[in-house]
Every structure is written in C-alpha cells, then in structure tokens.
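Okay, structure first, notes after.
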Amino acid sequence: MPSNKSVSDAPITQFINCRILKDHKLQREDLWVREGRILNPEKLFFDEQGYADKHVDCKGSIIAPGFIDVQINGGYGIDFSLVSEDISGGVSVVAKKILEHGVTSFCPTLVTSPAAVYHKVLPQVKVHNGGQHGAGVLGFHLEGPFISAEKKGAHPEQYLRTFQSGGVQDLMEVYGSLDNVTMVTLAPELANSQSVVRELCQRGITVSLGHSVANLSQAEEAVQHGASFITHLFNAMLPFHHRDPGIVGLLTSDQVPAGRTVYYGMIADGIHTNPAALRIAHRAHPSGLVLVTDAITAMGLPPGRHTLGQQVIEIQGLHAHVAGTKTLSGSIATMDMCVRHFKQASGCSVEEALEAASLHPAQLLGISHNKGKLDYGCDADLVLLDDALNVKATFISGEEVWRKEP
C-alpha cells in the first residue's frame, strides 16, 4: 500500500515498456492505473508525492483501449436469440471467451424472433461491468423484427413486424420492455418509423438503419430524427446506385445535421464485404467506421450445422450460410481477426484499425468519456497486442483477465 502521501490507499499499477494509443497516435509512455481508472502521473507525483505499488512489464507491446463489439449474436455454441434454461449463463460463457480476442465490452444481439423470445430473454441479462468473469454487457442490440422482408437476410420472415399502431406501442408489444436495450436496428422506410426513431433516441437508445430497401432521402430523414448507425454496411440493403445511393449514401451525405456523425458497422471478415468495398467506405468516411463481428453460435466451433435464432446455419471454413441456401448469416470471425483483416485490406494505420474497434463504437454509444480511450480518468479496459495485432493480454479496470499462454 502506498505509505506515501497519496490521497488514496488503493494500490497503483504502472504499465512500463509499452506504446499506448492516445490522441490517435501510438506513444511511448507508461500507463498508470488506480481503482480501475487511468491516472494522471503528474498529479500523482507532484500533488500526492505518490508512486506505483506494482509494475507490469509490457515488453514493447502496444496498449489499446479494450475492443467493443456492438453486434454479436452469440458464439461457442451459445445463441442469444434462443430461449434456454440459463440465458444469463449463456451470455456469461461468451463474455468470458471473447476476452482472449481483446473484447472488454459488448452488446449481445438478438435477431428477429417471436415476441415470446424477447419477453423471456431481455429481463434476464442486465447491463454490467466486465471483470474476471468476462467482458462487460453494455445492453442488448435488437436487430429486427421491424425490418424489410426484401432484405431480411437470415432473419425468419414469419416473425417480421411493421409499425401498426403508430410505433412505440408496437415496440412494447414485441420487446416487452426497453430496459437493458442499447441499440435497435430498423428499416426507416417502414410506415410510422420516424416517430419510433425519435422516441428511441429520446430514451437514449441508439437507432441503427439496416435490413432495409430505404432510399437516401428516407435514410437522411431517419438521421435527422436521431438515427446514428448503419447495421453492417453494404449487407442487407440496396446496392449503391449513382442516382440514388440508398443508405450507403449517408457516408457522404450533406444532410447530416452539423456536429453529428453517422457511424457504420463493417464486418471485416473477408467474406461479407469485398476488400475494395471496404476501402471505398473507409476512404469516404474513416471516422465513422465501426468494426463488428456479427458473430454467430458457430464462432469458435467446428464446421457443421448450428442454430441462429429460429434458423439452421451451415458452416464451411469461414462461411456461414442459412442451410440449403447461399444466404450469408452472420460471421464466425473474432474481433481481433477483424482488426487485422481491416488493416491489411484497407491499408490503414495501426492506430486507425485499433480505433475502429474501440474509440468509434464508444463514440457511437455515447460512452467515450469512460471507454474507447486511454485518457486520464477513463476506465482501464486495455488490450495488449504485438506489432502484428495479435492479442497478448486483456485487462478490465486495470486487472488482468486473460493472458496468452507463453
């Protein structure tokens, strides 16, 4: 314990021999942590005459903010959209396993399901911080059922819904409650959707546009009402057309209100998005790119047949299709894999690749004062990586929660 004049008795950890991602650059400096937060060493030295109790030698590693996955449907045999005896236990299994991929916070994602599924699943998983038990839960991402039948992708058509009664009542009927919900993906061309967008945003829930045949002006109207994200850009939407670029056109739209950013999810698994399309998006709007895994039950499992909500999915190599079709249905990529592929495919800097998995999702969710950055006062959720961006260790609130076997 600090027998020094430090204002707190809590132990102080100093990470040494590292390059930390700060102010969009990798910088050679130490990182100080106390009580789960990043400490300003100048205040520690000069105001408190304090010092570190413990040193962590990073041996030249990069330290980045912990990765945040805002779209993950399950993994390791767990499907968040299936009712089971122990739903929160299933979420905990995935939360623990994704630590080795550098993910420190995530949004468990439910695909289009019958109302009974939402009513059973949503009350059983609360927003909570991460720790030794696994990555923190930021709240659910509800992808559907208010989406387009034409662009349903792997979502089961019989459970799709429209806004019949003017909006919010439909949400409540289907979801039961919006507690512990962080994001909703909907199709903005559905009648009465704009009042729903407004209402969700007023409740602090992020609205994402996806699984949609919206034209650009419908997408822009949704953004003007508060929508701020695009679910897996290019996938399950109209392809870019020069006379009406559709939702894709939001990347360069001049109708986005001043001071607002439209973010977009990108599944950088080498399958869902051709590298040339990924490069076009990144060059057009680099500050909005958010890496998502869109991972399904089969992430971390061998090839074969697995479930995704109400559908059967077939895995061959890195490809996941609705069984018997050519429809892609989520990925089996991990977040660290997506970071490496994005860097290699886009030619972006190490800093940009890391921020697409940390800073940008935090900004999207409005939590960048605590997460996604290594500024003083932020949560000490950290990922240690080598120069090839392989994860070496993961820390939550300054405590080691996973380390690669030597």
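Every residue, even glycine, has its Cβ placed from backbone N, Cα and C.
Per TrEMBL, the feature domain 'Amidohydrolase-related' maps to 62-401.
E143 (Zn(2+) binding site) counts 31 other C-beta atoms within 10 Å of its own C-beta, drawing on all protein chains shown. Residues or ranges marked as Zn(2+) binding site in TrEMBL: E143, H211, H232.
Per TrEMBL, substrate binding site is recorded for A154, N235, A236, R243, H272, L328, S329, G330.
Taken from TrEMBL, the feature active site, proton donor/acceptor applies to D294. Residues within less than 8 Å, Cβ to Cβ, of D294 (active site, proton donor/acceptor) and separated from it by at least 6 positions along the same chain comprise Q71, I72, N73, T109, H232, G265, I267, H272, G330, S331.
If you draw a 10 Å sphere around the CB of A154 (substrate binding site), it holds 23 other CB atoms from the protein chains shown. It is A236 that, of the binding-site residues A236, L328, has its Cβ surrounded by the most other Cβ atoms within 10 Å. Annotation for N235 (substrate binding site): spatial neighbours G153, I267, H272, T273, L328, criterion Cβ-Cβ under 8 Å with sequence separation of six or more. Between the CA atoms of R243 (substrate binding site) and H211 (Zn(2+) binding site) there is a gap of 21 Å.
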